[in-house]
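Scroll down for the structure; my scribbles are underneath it.
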Amino acid sequence: MPAKRSRTFRQSGSALLALLAIILLMNISCTSAARDHRRQTNLEAKVGSHVVFNCYIDFPFDAPIPYLVHWTKDNKKIFTWYEQETSTSELFNGRLHLVENHPEFGRASVNLTAIRESDQGWYHCQVSFPNRSPSVRNNGTAYHLAVQGGSLIRIPPVNQTIREGQTAFFHCVMKHPENSQASWYKDGVLLQEVQDLVRRFYMGPDGSLSIDPTMMSDLGEYECKVRNSDGELQTAKAFLNIQYKAKVIYAPPEVFLPYGQPAVLDCHFRANPPLKNLRWEKDGLLFDSYNVPGVFYKMNGSLFFAKVDENHAGSYTCTPYNDLGTDGPSPVISVIVLRPPIFSVTPKAIYIQKLGEAAELPCEAIDRDGNNRPSIIWGRKDGQPLPADRFSLSGGNLTITGLVEGDRGIYECSATNEAATITAEAELMIENIAPRAPYNLTANSTETCITIRWQPGYLRPNLEYTVWYRLMEAPEWRTLRVLDKKVMEATVQHLQPGKEYEFMVLSQDKYGDGMFSKQFRFQTLPSPIRADDFDAQQLQHDLGQVTAPAGGLGAPWNLTAISNQQGWLLHWEHPVQGLEGLRLYAVRWWKEPEHFLIGHAETFDNYYQLRHLKEDTLFKVQVLAVGTETQQSVPSHELLIDVPSQRKVRALIIGSSVGVIFLLCALCAFLYVKRSCLRHLFAKDSSASEDEDTAESGDCDSDEQDQRDRDSIKIRQST
């Protein structure tokens, strides 16, 4: 028994020693972590600049709980934050703010702006948890701020937020006012040149600025520039935020809305702080769009009428509100429902005239009520002006005399009243003058691609282009259809390196084929490696070692695609050569194997998000680098994207889940049956063993009785 007790005591002592060792190690690790977390950091800043003191919070068990933040300077408390309430010392008032929701800084970090020379010193962050015991953990960071000397400004200006009508005051105390001069700027403009501020600002002898009274237009960035006699210059900036009640700045006396069409009734207001509510009244009563069918509130408070009718006419007023209140309702806006004009006479779709003749294009319109005549204006759809000395207007009819080749094109007649504008188009064609074919063909190339561009011969609606091309040695032509009617370029791919190709551009419209352009020849760049060495060529292309065109601009390289929730994110590397001449990137994608152009886009970044790609489809993507001067474009290598079918994936997941569940159920049933069988077998074995034990015990009793009988007989015989 004593040996057992001693063994128990030895085990308890070993466990206690192990526990003490673990606690000691944890204490050492926590102390080292605290020392590392509270290491001192040296920072430098100039007068008038800003600096961020970073301070992370170590929550217990990584669970955020209420915390208290203290910042001290040279062991004097300067800033306190607790539950969205702050307290700042007078010297740092308006200059020290908590940094909120920034991924690079901790929750207890602060930003010190408008730094002064007196801000130099030691800063310490301390975080505590009032509702937890112990309330202090390993939170805290120490910083030493060194303010660079030799400046001209002793006290820089500080950002201010005041109410309209109050006085704004900015410090700009010069270090040596006897040989320095200060000047103030608002948004980069000298204050003496700002007409609204000329009579309301005053500069003190030390360089400080005061504005009295302030107006809402005074909001902006103010900059103080101090220059000494030696020509040294120092600047400091501060922002002035003017807050005022929400007010209406403009309200038209009358607004015409088109009958039967959508329309918007705006309320022109300004508010700082931002708008919180906008109240509309009609004919002196509250106008709630939620109770009026077909009328909705827009995000800016405007009224949107889905379909204007006579019931929407009336006298409207709007009243904006913000946190400071309202400056009052707007003047009355009389809303008049007016029917849009209709054409009584419209021009024909096509007019064919001869050179030197006159063309007359009729156009007349009336209001639906027949009382007023809308104003009619003629113009060309391509934006070119009408011939000043050869056209005349009579009512709504346009007459052009002495027709020349340049007069052909599409003309628009616009009829306008106070409610809406309607248009009608007519095309003027000159007889015996064939439509001009595409011209001014230009191109640039890589080893396997040629991008060709052209100018349209003439502008017509629904005009389509087809590029015809062939190898100079080949007898047959190939075609590439340009599906986007607004694009005047095409990229022919899968060409042979170092070969010359011939091109023609055919314009087509709904009236039939047009004319071919002049034949144009261009050569692909020679390949520095063998054409059959595809792997080496692809590797060289991926690494961006593509021979630059004549302009020196290289091709984008390392084009990749990553699937995400929005679709596919494309990413590529900038060209190795000619990056200074890069203007933008053009992204194009086709549906394969039809090689059908799905879309194109332009971006200034080296990435682009592809959205809404059709499932279970193969797409080909290419990125072109577009230059600034010569408008050249250099394509990257092609990338294939196989968009999987989400339906198949979902079906596979559901089928797999059902299969796994079925297997689990089968396994559970098998285990249950097996356990029942084993339990039944064990029950039989136990009953059999009990019977055998009973039989054996009976035999033993009979033997013992016989032995006793024999012993009794022997005793009697001996007696």
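Yeah, the Cβs are placed from backbone N, Cα and C, and that goes for glycine too.
The compositional bias 'Acidic residues' annotation in Swiss-Prot covers 688-704.
The compositional bias 'Basic and acidic residues' annotation in Swiss-Prot covers 705-719.
Under the three-state DSSP scheme, CYS55 (disulfide bond) falls in the coil class. Summarising the annotation, Swiss-Prot assigns disulfide bond to CYS55-CYS125 (among others) and lists sequence analysis as the type of evidence.
The disulfide bond feature in Swiss-Prot is assigned to CYS172-CYS224 (among others); the stated evidence is sequence analysis. Under DSSP, CYS224 (disulfide bond) is assigned to a strand (E or B) in the three-state scheme.
Cβ neighbour count for CYS318 (disulfide bond) (all protein chains, 10 Å cutoff from its Cβ): 23. For CYS267-CYS318 (among others), the entry in Swiss-Prot reads disulfide bond, with the evidence type sequence analysis.
Proximity of CYS413 (disulfide bond) to non-local residues of its own chain (separation of 6 or more, Cβ distance below 8 Å) is seen for THR346, PRO347, LEU361, CYS363, ILE376, ILE377, TRP378, GLY396, LEU398, THR423, ALA424, GLU425, ALA426, given in sequence order. The annotation disulfide bond is assigned in Swiss-Prot to CYS363-CYS413 (among others) on the grounds of sequence analysis.
Here Swiss-Prot flags 40-128 as domain 'Ig-like 1'.
If you look up Swiss-Prot, you'll see 134-241 marked as domain 'Ig-like 2', on the strength of sequence analysis.
Mean pLDDT of the predicted structure over the domain 'Ig-like 3' (246-334): 91. If you look up Swiss-Prot, you'll see 246-334 marked as domain 'Ig-like 3', on the strength of sequence analysis.
Taken from Swiss-Prot, the feature domain 'Ig-like 4' covers 341-429, and the record attributes it to sequence analysis.
Per Swiss-Prot, domain 'Fibronectin type-III 1' is recorded for 434-527, and the stated evidence type is sequence analysis.
Annotation source Swiss-Prot lists domain 'Fibronectin type-III 2' at 555-646.
Here Swiss-Prot flags 685-719 as region 'Disordered'.
Per Swiss-Prot, the feature signal peptide maps to 1-33.
Taken from Swiss-Prot, the feature topological domain 'Extracellular' applies to 34-650, supported by a curator's inference.
According to Swiss-Prot, the feature topological domain 'Cytoplasmic' maps to 672-719, an assignment based on a curator's inference.
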CYS125 (disulfide bond), number of other Cβ atoms within 10 Å: 24
Other C-beta atoms that fall within 10 angstroms of the C-beta of CYS55 (disulfide bond): 26
Leading stretch by Cβ pairs under 8 Å, where the reference is the domain 'Ig-like 4' (341-429) and the options are 40-128, 134-241, 246-334: 246-334
Nonlocal neighbours by CB distance (under 8 Å) for CYS267 (disulfide bond), same chain, sequence gap 6 or more: VAL248, ALA251, LEU278, TRP280, GLY301, SER302, CYS318, PRO320, SER330
Other CB atoms, at most 10 A from the CB of CYS363 (disulfide bond): 25
Any contact, the domain 'Ig-like 2' (134-241) to the domain 'Fibronectin type-III 1' (434-527), with at least 3 Cβ pairs under 8 A: no
CYS224 (disulfide bond) versus CYS55 (disulfide bond) - Cα distance in angstrom: 32
Winner by Cβ contact number (other Cβ atoms within 10 Å) across the disulfide-bonded residues CYS172, CYS224: CYS172
